[in-house]
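Comments concern the structure below.
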Amino acid sequence: MAATMATTMAVLNTKCLTLNTNKTTSTSPKPTSKPISLSPLGLSNSKLPMGLSPIITAPAIAGAVFATLGSVDPAFAVQQLADIAAEAGTSDNRGLALLLPIIPALGWVLFNILQPALNQINKMRNEKKAFIVGLGLSGLATSGLLLATPEAQAASEEIARGSDNRGTLLLLVVLPAIGWVLFNILQPALNQLNKMRSQ
């Protein structure tokens, strides 16, 4: 990149440097653009040919910058963007920051689920039929999950291959609520099955 910049500046030197003469080419005493010295760019008066002064205008600087940017290898720019993204990915804690306020809510939901779940397990132990029906329903649900369509399996494998775990974070947030709903549905479903058997 430095070589490209030096080449561009060498081309611009012949067009933009002015001769040291006392003649003024403009009738206005004030120049239209502020002249900029080349000394910050590493060019000094000793390196310039005799009779040239190191004054360059803003359009010439802009042309040099745009010419340099235009000749940079695109793969180099893509590599720099990838490096920046990789560095940002290792230090990005936004997902964790989003989970921190949700952790107390999840704890509260789990606390509220625990006692009814223990009561349900005790009832199911006392009633063997309910326990068998519960096993049957859970087996049916498990078999339904195992017989998922290949498209859904392919999509889940694609998600698993990616490094983006936002879906998992959202699932962790929603999973207790889904469990609570299923838990509340289970007892009425068991009651309905018992009524159907007794009739």
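Every residue gets a Cβ built from N, Cα and C, even glycine.
Keep in mind that this is a model prediction, so the values were computed, not measured.
Within the set 67-87, 130-150, the record from Swiss-Prot flags 130-150 under the feature transmembrane segment. Look at the topological domains in Swiss-Prot: I121 and S198 end up on the same side of the membrane. Mean pLDDT across the topological domain 'Lumenal' (151-168) comes to 63 in this model. Look at the topological domain 'Stromal' (190-199): DSSP puts its residues at 9 helix, 0 strand, 1 coil.
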